[in-house]
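According to TrEMBL, the features are:
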type: ACT_SITE; residues: 121; note: active site, pros-phosphohistidine intermediate
type: BINDING; residues: 11, 59, 87, 93, 104, 118; note: ATP binding site
type: DOMAIN; residues: 3-138; note: domain 'Nucleoside diphosphate kinase-like'
Ligand code: DAT
Ligand code: MG
């Protein structure tokens with residue numbers, strides 16, 4: 001058994017569209033355990049740390065501005081292979097091509113025309129998860 005933790009964010013588009021509950025319910029229904037939960041308005045410093053790997057890319061500044069545009073819901077979920085499992089629930093990064101049945105595939109396109117408006121964030125590795133949990137649940 002490899003019990004992991006992952007950081008999940010419902011991004012500002014998900015919060016403003018009142019999809020936080022639906023998104024968290026899908027993660028719980030899959031069998032993962034909600035360990036921590038809060039609604040928070042991010043600071044620029046938090047986002048710079050969170051998205052450090054993307055600094056310098058063309059979408060970096062719009063991404064940070066978007067994440068500052070409203071509150072996010074931050075959660076820690078726990079479970080067997082939850083990092084991979086949540087990313088499967090979320091779907092691929094671009095909501096246009098995310099598979100139907102995934103969070104991004106089901107909700108991600110009519111609303112936002114930008115790739116960053118893709119509803120959720122999920123950590124991509126054990127190392128990222130621990131680093132990101134430290135940023136959002138210090
Ligand atoms: P993911 O969120 O699927 O892990 P990522 O870590 O590569 O994707 O990128 C972080 C966020 O940045 C992503 O959720 C949306 C935005 N993004 C990524 N690639 C983009 C692109 N080509 N154009 C615009 N935004 C992009
Ligand atoms: Mg990522």
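Each Cβ is built from the backbone N, Cα and C atoms, and glycine gets one as well.
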Response to the item:
Of 11, 59, 93, 118, the binding-site residues whose C-beta sits under 6 angstroms from any atom of ligand 1 are 59, 93, 118
Response to the item:
A correct count of other C-beta atoms within 10 Å of the C-beta of residue 59 (ATP binding site) gives 13
Fill in: Per DSSP, three-state class assigned to the residue listed as 'active site, pros-phosphohistidine intermediate'
strand
Practice prompt. Write out how many residues of the domain 'Nucleoside diphosphate kinase-like' (3-138) are helix, how many strand and how many coil, based on DSSP.
Written response: 58 helix, 28 strand, 50 coil
Practice prompt. To the nearest whole angstrom, state the Cα distance for the pair residue 87 (ATP binding site) and residue 121 (active site, pros-phosphohistidine intermediate).
Written response: 8
Item to complete: Using all protein chains in view, find how many other C-beta atoms are within 10 Å of the C-beta of residue 118 (ATP binding site).
Response: 25
Practice prompt. Under 8 Å Cβ to Cβ from the residue listed as 'active site, pros-phosphohistidine intermediate', same chain, six or more residues apart: give me those in sequence order, or none if nothing qualifies.
Written response: 7, 8, 9, 11
Item to complete: With a 10 Å radius around each C-beta, find which of these binding-site residues (11, 87, 104) has the fewest other C-beta atoms nearby.
Response: 87
